[in-house]
Amino acid sequence: MKSSSVQKALSSGARIGAIELANCPGVSINTPALLISTRKGLPYFTPPDLLPSLPSPDSHLLQVSPLHFLEGISPATIGKIGGIHKLIGLGDYGVVAVPRDNVHSLPECKGASKLGASFETPCGRLLIKPKDYVEMISCMRPNIWATLADEVPAWVTDKRNRTSVDRTLRWLDDCLALNPAVGSVFGAIVGGTNLDERKRCAEEVAKRNVAGYWIGGFGLGEAIDERPALLRAIVDVLQDEKPRMICGLGLPEEILQGIAAGVDLFDSSYIYTLTLGGFALTFSLDKNGNQDNFKLSQRGSDSTKINLRATEYRLDMSPIVDGCSCHTCQNYTKAYINHLYNVHEMLAQTLLEIHNAHHYLRFFRVIREAIQDGRFEEYRLTFTNSRREHYGRVAVC
Amino acid sequence: MALRFEILGKFKRARASRLTLPHFVCQTPLFMPVGTQGTIKGLTTSQLEDIGCQIILGNTYHLALRPTSELLDQLGGLHKFMNWPRAMLTDSGGFQMVSLLHLADITEKGVTFQSPVDGKPMLLTPEDSIQIQNRIGADIIMALDDVIKTTVTGPRVEEAMYRTLRWIDRCIAAHKRPHDQNLFGIVQGGLDPMLRDVCVKGLVERNLPGYAIGGLSGGEDKNSFWRVVAQCTAALPEDKPRYVMGVGYPLDIVVCSALGADMYDCVYPTRTARFGTALVPEGVLKLKNRDMADDTRPIDPTCLCMVCKNYTRAYIHCLVTKDAMGSQLLSYHNLYYMMQLSRNLHSSIVEERFPKFVCDFLHQMFPKGDVPEWVCNAMEVAGIDISSCCAPLSSCQEYDSKNVSEEFIHCGRTDSNIGGHDRCSGEM
Ligand SMILES: [Zn+2]
Ligand SMILES: [Zn+2]
């Protein structure tokens with residue numbers, strides 16, 4: 001079954017492509033793309049009937065952690081219902097299954113053993129063996145699934161890092177041997193902050209029969225400046241025509257860094273964190289990346305976002321972003337969302353998640369256009385520099 | 001008067017009407033969900049429209065604290081603030097103070113209470129309540145009444161009733177927007193038919209746009225409950241809407257509608273959703289129950305709502321109480337159920353098949369024919385023959401919980417394990 005394909009890269013590093021979903025022929029999702037983070041298959045706060053209000057088909061890739069279902073519903077029942085798409089009532093969406101969700105399911109290297117990967121979750125620490133994981137995948141039938149990884153933070157010893165690569169490769173082979181015959185397999189790549197281990201892992205994964213790559217081990221304590229070299233070491237040995245997904249890069253600059261290195265798919269746990277804190281994305285979606293026109297009048301804000309809990313929005317009857325076409329900005333004001341946060345009403349997060357997801361999906365659209373037009377590097381520099389200048393101004397004031 | 005009330009169909013005492021309010025043309029009987037703080041439990045206003053909500057309720061006490069009525073006034077009223085295009089009703093705020101605050105005290109001046117902000121004593125007079133509600137701007141506003149617990153007896157009941165009548169004149173005098181907002185008076189008088197009678201007469205003399213029956217759903221027994229409703233609906237004018245405050249169990253709504261009431265409000269459908277309970281024709285379905293974990297049916301196979309069309313009980317079981325989405329989806333279904341019940345009541349009366357609707361409803365909820373006695377008594381007064389859905393031998397018997405499966409627990413019984421529901425007690 002064909003569930004994904006990637007076009008050839010257009011410029012050095014950054015590239016555009018497309019993912020095609022077997023369950024909805026004719027629809028292709030252009031990359032670089034943002035996956036919508038979910039809890040038990042549905043976005044954290046956006047109800048399924050409002051999901052279609054997000055940019056389409058950009059928003060049609062969902063990232064689902066099979067581990068979320070370990071409480072409350074058995075893999076067999078998910079299978080009986082007809083798989084993950086039927087379970088969540090979103091038949092024409094693409095589901096990408098990844099154990100680590102960056103919010104509620106985090107890698108815990110101390111708990112991992114040769115038997116399986118370990119995660120810290122709301123139902124405690126879980127040890128997930130390849131066999132159990134593949135069984136979950138077989139029942140869920142996602143479009144794409146990443147293999148198990150033994151992710152370690154940046155500060156572990158070289159020995160532990162080597163072990164993590166060995167285990168991750170062995171589990172990849174275990175997963176492939178168990179062959180659930182569903183979806184496209186993305187082989188997990190780890191290696192921490194060690195260039196040689198990253199390269200070794202990527203080379204080994206590239207030899208396997210995988211449809212794409214899942215790059216783990218980022219966002220776990222490494223310095224932001226270390227990443228370009230690490231990503232280059234990985235991407236250099238991967239096949240160009242296969243998609244690359246990464247976990248742990250969230251901020252706009254991090255996304256741009258990943259895309260510059262040739263990464264195609266990103267998770268959106270950043271949106272979750274923002275929404276929970278009452279932050280709304282407001283940075284400019286200018287096609288050249290220019291951030292200079294951002295008005296810095298608001299307290300509790302930087303040049304990318306504002307905090308809607310701030311009292312200055314109490315009487316603000318304007319939308320979060322003037323001209324934003326999202327469901328929230330078309331219907332609700334900052335004053336109302338500020339009130340909802342004040343009185344701890346759930347709708348606050350619902351409205352904010354819709355705007356933030358919409359805004360970030362649009363950001364990806366702007367990036368794709370820049371790559372298409374061959375001016376991505378220019379875009380990235382303008383975006384990053386005008387943001388940095390901005391911080392400079394803030395520091396002076 | 002800022003409403004038009006046209007009766008479109010009748011069966012004995014039950015009526016179906018078109019209620020034209022400044023913001024929406026409603027069809028009665030109707031259920032009004034409670035949006036305490038200017039929102040209904042995670043649902044967007046577009047979802048509330050999809051569900052079919054016609055009027056939503058705002059709680060004056062909560063809104064006066066946050067975001068404050070001054071702010072709402074300045075920003076163009078609550079409709080605009082929360083982007084709700086349809087009708088809205090606000091309560092007087094008095095009940096919330098009496099029920100939520102320990103140190104509330106009622107005198108002739110008004111309700112004295114301790115400010116939850118700084119602890120200082122504050123006074124809410126009938127004039128204050130109306131002024132705040134004028135600022136909020138709902139289609140229907142409620143008079144400040146002297147609220148007492150239903151279980152209170154003796155001279156205090158009489159005092160509260162007469163004070164409610166004295167206060168209605170102060171409310172009418174204070175009402176600054178009679179052409180945009182409809183002031184409803186509230187019938188008090190506890191369980192005493194004489195006092196209720198005096199109160200109804202007194203209010204009807206004032207020729208208000210509509211009337212509410214207050215002081216119920218506070219733990220009184222069901223026989224007292226329906227008798228008060230029956231007495232008041234019989235005495236209130238035919239051409240004005242009648243609102244039974246705090247009524248929310250589907251069975252109670254069917255009974256009250258049969259007795260000639262038109263409007264209801266309750267936090268029950270959304271509150272019970274947060275505890276993992278779904279409203280279904282058989283009663284309620286407890287989705288936290290372990291049996292649900294591998295039940296692949298929808299919550300209610302006959303329901304046409306977004307949730308029932310897309311999700312299994314097993315999935316909702318996996319979401320409920322732990323994840324925000326679980327209670328959002330269950331609230332969606334429960335409100336849809338209440339709106340569908342309202343629509344069914346309306347159309348069955350208009351299409352002259354109301355008795356059949358009542359029998360079908362009771363048959364689904366009490367398949368063994370164990371319809372509670374109070375329901376049988378009320379239906380007799382309502383002139384509806386329900387003998388076909390009562391058990392053959394003893395036509396009416398007290399319902400016995402041992403006879404039904406664990407899965408369903410009927411609602412509407414005062415001693416059921418669902419828990420009490422307070423009149424507009426606010427959804428927190
Ligand atoms: Zn927006
Ligand atoms: Zn439903």
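One is the number of the first residue shown, and numbering goes on along the chain from there.
Using the three backbone atoms N, Cα and C, a Cβ is placed for every residue, glycine included.
The domain 'tRNA-guanine(15) transglycosylase-like' annotation in TrEMBL covers B:13-365.
In the three-state DSSP assignment, the secondary structure recorded for B:G94 (substrate binding site) is helix. Counting Cβ atoms from all protein chains shown, B:G94 (substrate binding site) has 27 others lying within 10 Å of its own Cβ. Annotation comment: TrEMBL describes B:D91, B:S92, B:G93, B:G94, B:F95, B:D145, B:Q188, B:G215 as substrate binding site.
According to TrEMBL, the active site, proton acceptor annotation covers B:D91.
Across the region 'RNA binding' (B:246-252), mean pLDDT in this model comes to 96. The region 'RNA binding' annotation in TrEMBL covers B:246-252 (among others).
Annotation source TrEMBL lists active site, nucleophile at B:D265. Packing around B:D265 (active site, nucleophile) is summarised by its Cβ count: 25 other Cβ atoms lie within 10 angstroms of its Cβ, all protein chains included.
Annotated region 'RNA binding' per TrEMBL: B:270-274 (among others), in sequence order. Within its own chain, the region 'RNA binding' (B:270-274) is flanked in space by residues 33-34, 40-41, 284, 321, 327, 330-331, 333-335, 418, 421, 427, which lie at least six positions past its ends and keep a Cβ under 8 Å from the stretch.
Annotation comment: TrEMBL describes B:C303, B:C305, B:C308, B:H333 as Zn(2+) binding site. The secondary structure of B:C305 (Zn(2+) binding site), as reduced to three states from DSSP, is coil rather than helix or strand. Within 10 Å of the C-beta of B:C305 (Zn(2+) binding site) there are 24 other C-beta atoms, taking all protein chains into account.
Mapped onto three states, the DSSP output places B:D265 (active site, nucleophile) in strand.
For B:D265 (active site, nucleophile), the nearest neighbour among the binding-site residues B:G94, B:F95, B:H333, judged by Cα separation, is B:F95. Distance between Cα atoms for B:S92 (substrate binding site) and B:C308 (Zn(2+) binding site): 36 Å, as a whole number. Spatially, by CA atoms, the binding-site residues B:C303, B:C305, B:H333 include one closest to B:Q188 (substrate binding site), and that is B:H333. When Cα-Cα distances from B:G93 (substrate binding site) are compared across the binding-site residues B:C303, B:C305, B:C308, the shortest belongs to B:C305. B:C303, B:C308 are the recorded positions among B:D265, B:C303, B:C308 whose C-beta comes within less than 6 Å of an atom of ligand 2, given in sequence order. For B:G94 (substrate binding site), the nearest of the binding-site residues B:C305, B:C308, B:H333 in terms of C-alpha separation is B:H333.
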